[in-house]
Each structure stands twice: as structure tokens, then as C-alpha cells.
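Enquirer: Annotations for this protein, taken from TrEMBL, read as follows:
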- 33-54: transmembrane segment (TRANSMEM)
- 131-151: transmembrane segment (TRANSMEM)
- 188-208: transmembrane segment (TRANSMEM)
- 220-237: transmembrane segment (TRANSMEM)
- 243-266: transmembrane segment (TRANSMEM)
- 286-305: transmembrane segment (TRANSMEM)
- 311-383: domain 'DUF1736' (DOMAIN)
- 372-391: transmembrane segment (TRANSMEM)
- 403-424: transmembrane segment (TRANSMEM)
- 430-449: transmembrane segment (TRANSMEM)
- 458-476: transmembrane segment (TRANSMEM)
- 499-532: repeat 'TPR' (REPEAT)
- 533-566: repeat 'TPR' (REPEAT)
- 601-634: repeat 'TPR' (REPEAT)
- 703-736: repeat 'TPR' (REPEAT)
């Protein structure tokens, strides 16, 4: 649909495009940089962006990838696709009180497609898509920067012209190799930011297409404005920042298409100047387009609000301590300090960390704190740039600076704590889009320096050096994101006060079996944050396994005192109390855990073990049955039911439970072994033998499997096979209980038979 402008007072758009090219200075004139054809420029940007992050392609699932991908049921085929629209990014229901309200269904959908095509959780495919997305975005940046730096101009044939090929190439390269982007590219969860950026840019380019000239002239396309709104909505369905493109499109329309002088407009508004309509604000078309953008944005936000519900996301003080400060002054000072840190990461992306919370950045509580200097420096620079953007007589300078500041600030607003509390202090991923503004300002600053410099080649070499350093930094940082061990350890030097960093290093060591080293890091995490209940829980677990039960009990008791609804800590406390033979307290702890987490199969399993120790067999069977109802693949609960029924002489019931378990978990060799024992006692030797052999095939080094099969053959009268499996069992475990005695009995019997035969 084409909207025709017939207002005689409104200047038509065709002259606007031509004046932009003829009257404004060309930014490239002063830039000492490479001039490449558009196709080659995009190829170079794609290649260099690929080289920066290529070594992350075979990395593991790290950090948040576990929750967002591996533990996210929305990726699996059994979850209906429709559920994605009612769940948050982590697979929880948006209506849940524990939901973070991060609504990114399209990103989750791409994870699900990855999972489907890979046939499981294989990270290579996930990483490759992220790298391709970043390369695509970097290539699109060539076109975006050519418009932002050179203006919007079309040829007579309707092709958009690149009026700043050197500047747009430099800015796109700066974007492609910025090390702060590593988290988004090398961390699979960063897919949300990449997809958001992709549709963000497509929305902007679509909006620019609305002003493409046609044979009739004096026109703009309502269709492309609406397409831009739809693409903005898609960007928001990938990540919340995407909605900000609608505001940026409006700013672009006002500054580039209608060439509004903001300072002049403000003056006329203040003084109610009658010539206001000539300033450009009331031109026919601009208000109509901005109304479309506003209505589209309001509609998108309303739908998002209805789906999310009215409740705000639930964050804790450790996630964002400044937002919980009682003093407005402390909140304001620290928010501004966080902004300065984000700006510093754009300027000098050397100190990068996967997590900046939990004491990494101590609160500023007084004006005597030397870090106030960072705030002053930030606002000194921002005010200087804003003054130049508003007051400069050079319209070209005003436009570039305003667009640069707009792309720097507006996409950052959802992460600024100004409108709602966010769940982080500093996050490198949220400055993926604001870095567009940084690249604009850097490139414009480089052009100004080139204009003044006598030796322009030295300046160009310096910028090449910056690009090369950034490429190397990207490659190094990407390698750190390949595994959790490297990622977590890299953070120790950047954020030594961050309890979560020490916790994650400890958890990684514990997963690898290095408990002694893990204890050291867990203790440091608890020292740095005495209320860190997850560190207490994990430390308590390790101490429990090392039989240091009293300290484990102290830690777990403190954890549930700090967080009374911490179900896992209640269960672990119950296990420790059970080991200390304080059975009543253990039972109470287990039931408290179940009260706080109704569907807790592991807790029912441990409760069943407690009842078995107390010879409360019916209660034990009921607890284990609950565990298998909640988690049908809970092998330990099934096994314990079979063994308890076997030991109490209920062979028929034990057999029925064993067959039921194997139907659900057909490849579990421990279940085969337990059922084979029951069948052997029931004199179903043939079926028992088949199960024993199947279990041994699955786990050939289990001494008990060979030993019990030997007992079966012994009972059955197949003495040669019994002798063979007794010997295999003793070879695997010479101290196997009962096996040596049975073997000796068998040997004596064989000797007696030989004597009789002789």
C-alpha cells in the first residue's frame, strides 16, 4: 500500500533525498580507510567475524545452557509446541511465582529445531547456528551503517546507494570483532540476543524501504512501515530488547527523513512559535508513521503483558543488590556506576566475566568512594556528546551524533533498572545491540581525527591494530567459553569477590570427583556470601559423603533457616540425620522437603530408605511407589521395591514389580539383575538365565552379576558353567561376599563326583 502526500505545504521526499547527498559533507572524504565494492566489503566482514568465533564451534554446553537447553522440557518432542507460548525462556510457566518472566518463545523454538535435527543434546549444531547468526548480523551491519553514517539515498533505478562505503566497512568491522559479543556467540543462550539483533536490523532496513522512490514520486509505503512493526514484534519474541527498534525507527524518521533540528523544535515548542508546522514535526506523513509505530508497540506490549501476567519477575538481592537498597541516593549512584562499567566494556573489553553479581561489584554507599570518578567521566562525555548533537551548526554532525547516541542508549533502556528491576548487575550480552551506537561514535571520531591528522596512514594503522587486538581477544575469550572449567576459572581474576564464581568453580571440580579442591572453593563462596544457601547445600553434601556429618548438619540447618522453602537442603538434611540415626528428625525433614516441592521423587526415594531401615516395609514400598509415579525411570526406587519384596518372601509381587519396571526401563541392567534373582528363587531358571546374561552383556565387569549367575547354575545343576562364572566373579572381585564359600562348595562337590566316576 502506498500513501500519497498531497499537502502543498509539505516538502516532497524526493528533494529531501537529493539534498542529503548534495548539501551534507561526505564522511568518507576524511576517512583514511579501505574502499571496497559492497560485495567484497560484506565478504571481508563475514570472514573476519567467522574467524573471531570459529574456535567455539565444538564447545560444550556451559553455565546457563544447562537450564535453558538441557533441562528445558520445551525442547523435547513430547512437549506440545503450543506450550512454548505460555512458558518462559527456562521452560517454567509464566504464571508461576518463580518465573523470571523472560518471554522468548521464538528463541526456544530454534533450540527445539536444533535438538530435533541433531537427534539429542549435541552442542556442535547449536554453536554453529550462533556463529552463522553473528556473521549474518555483521554483514547486515554494512548496509545499516551505510544508512546511519551516509544517509538514505536511492538511485533512479530504485537501488539504495552507499554514500559512506569506507566508514560503513570500518564500523561493521568494529562491530564484528568486538570481544564483548563473545558471550552472545560462544554461549548458546546468547542465541536470544543474536536472533533479536537479526530481526531488529531487518526491521530497521524494512523501515528504510518505506521511503524507496517510485515512478509517481512523493510517496512512502505503509506496507513497509507495517512490515517493520511486525519484524520488531518478532525481535521482541526473541528477546525483550527487540521492541526498542520501533523507537529508533521513529528517531531515524525524524532526523534523517524529515531532517528535524531537535534544538530548534524544542525552542519553538517552548515559545509556542506559530511556525512550528514548518519545523517538520507536523508534516503530513511523519505523525502518521509515528502513530503506526506507537500503536504497534503498544499492541505488542499489551499482548506481552497479558501473556506474562501482572506479577513482576522475582529476583533476589544477590542478583541485583543496588535495586534492593533502601536509599534512593544509593540506588541512583550505583545504577549510574553500572552504566559507566557497561560503557567501559565497550571502550576496553579486556576484563570480561560470565557473571558480575554476588559481590563482584561492591555497592557505592558514599560520595567519598573513588569510583564516583567513573560516574563523573561518563556523564561528562555523555553531556558533551548530547550538547554537540543538539547545538552543532553542522546538520551532518548533529544527525550522526544523535543516531549514535540513540542506538547506544535506547536498546539499553530495558536493562537500565529505570522501568523495572532486572536480574543482573552487569551483563555483557545486553550490550550487543548498544554496541551499534558505540561503533557509529567511534567511526565518526576516527573521521574527525583523520581530518585533523597530517599522517593519516599512522592513524589507519592504529585502528587496524585495534581491530587485530580485538580479533585475538575474541579468539581467546571464545576458547574460554568452550568449557565450564576454563570459563569459571577465567572469572577468578576478574571478579575475585564474586561468590558465584567460586561456587561454580567448586561445582565443576566436584562433578569431576575432586572433592578436596571443591570444598576449598565452596568454603570461599560461603565466606564471601554468608547467605549463599546453594553453596552451603553443595558443601554439606560433600561433607556428608566424607562422613563429616556434624559439620554437614550445621551447614544444611543454616541453609534451611535462611531459606525455609529450600526443598533440596531439607532433603539433604534428612539424609544426614538418617546417617546420625536421628530417624524422627530425618522423617520430619523429608516431609518438609515434600511440602515445599510436591513432585520430589528423590525425596520419596530417601524417605523409603528411612522406612526400610526402621522395618516399616509398607511405608517404604508406598514411598518408593510415589517416587516411580512421579519419575517412572527412577531405577533405584524400582530396584529397592524388588529387593524388599524379595527379602520379605513376596516373590510373586517382586516379579510383578520387576516386570513392570523393565517395561518402562528396558535397558537397565540393574533391574534385569534384580528380577533375575527373583526368577531364580522361583525356579524359573531359563528366564532367569536369559536376564542374567543380558545384564552381564550390558555390564560385563560386575562381579555380583557373574556370582549370582553361578549360584543359579549351581542350583540348576549346571556345575561347569557355575564353576566358570564363580571364577570370573572372583577374578573381578576376590573379596566378593559369599562367592568364595560357594565356589569352594562347588569344587568339593565336583571332586566328589570325579571320585565316584573314577
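Just so you know, the numbers here start at 1 and follow the chain as drawn.
Just so you know, glycine gets a Cβ as well, placed from its N, Cα and C.
I'd like to know what surrounds each of these features in this structure.
Expert: Long-range contacts of the transmembrane segment (131-151) within its own chain (CB-CB distance under 8 A, at least 6 residues past either end) are made by residues 20-21, 24, 26-28, 38, 41-42, 45-46, 49-50, 53-54, 56-57, 160, 162-165, 167-169, 171-172, 175-176, 181, 184-185, 191, 194-195, 197-198, 201-202, 204-205, 208, 256, 399-400, 403-404, 407, 436, 439-440, 443-444.
If you look at the transmembrane segment (188-208), the same-chain residues 6 or more away from its ends with a CB under 8 A from one of its CBs are 61, 63-65, 68-69, 89, 104, 106-107, 110-111, 123, 126-127, 129-130, 133-134, 136-137, 140-141, 143-144, 147, 152, 160, 224-225, 227-229, 231-232, 234-236, 238-239, 241-242, 244-246, 248-249, 252-253, 411, 429-430, 432-433.
Here the transmembrane segment (220-237) has long-range neighbours at 1-3, 5, 13, 103-106, 195-200, 202-204, 206-207, 209-212, 243, 245-246, 249, 285, 289, 292-293, 296-297, 300, 304, meaning same-chain residues at least 6 beyond its ends whose C-beta is under 8 angstroms from one of its own.
The list of residues near the transmembrane segment (243-266) in space but at least 6 beyond its ends in sequence, with Cβ under 8 angstroms from a Cβ of it, reads 13, 16, 20, 147, 151-152, 200, 203-204, 207-208, 211, 228-229, 231-233, 235-236, 276, 279-281, 283, 286, 289-290, 293-294, 296-297, 300-301, 389-391, 395, 398-399, 402-403, 406-407, 410-411, 413-414, 433.
Within the same chain, residues 32-33, 48, 51-53, 55, 170, 173-174, 177-179, 181-182, 349-350, 446, 449-450 sit at least 6 positions outside the transmembrane segment (458-476) and bring their C-beta atoms closer than 8 Å to a C-beta of that stretch.
Broken down by DSSP into helix, strand and coil, the repeat 'TPR' (499-532) contains 27 helix, 0 strand, 7 coil.
Panel annotation: around the repeat 'TPR' (533-566), residues 499, 502-503, 506-507, 510, 515, 518-519, 522-523, 525-526, 572-573, 575-577, 579-580, 592, 596 of the same chain, lying at least six beyond its termini, place a Cβ under 8 Å from a Cβ of the stretch.
Residues belonging to the repeat 'TPR' (601-634) score a mean pLDDT of 95 in the model.
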Enquirer: Sort the residues of the repeat 'TPR' (533-566) into helix, strand and coil with DSSP and give the three counts.
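Expert: Going by DSSP assignments, the repeat 'TPR' (533-566) contains 27 helix, 0 strand, 7 coil.
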Enquirer: Checking distant contacts: for the repeat 'TPR' (499-532), what same-chain residues at least six beyond its ends satisfy Cβ-Cβ under 8 A?
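Expert: Distant contacts of the repeat 'TPR' (499-532): 63, 318, 353, 355, 357-360, 484-485, 488-489, 491-492, 538-539, 542-543, 545-546, 555, 562.
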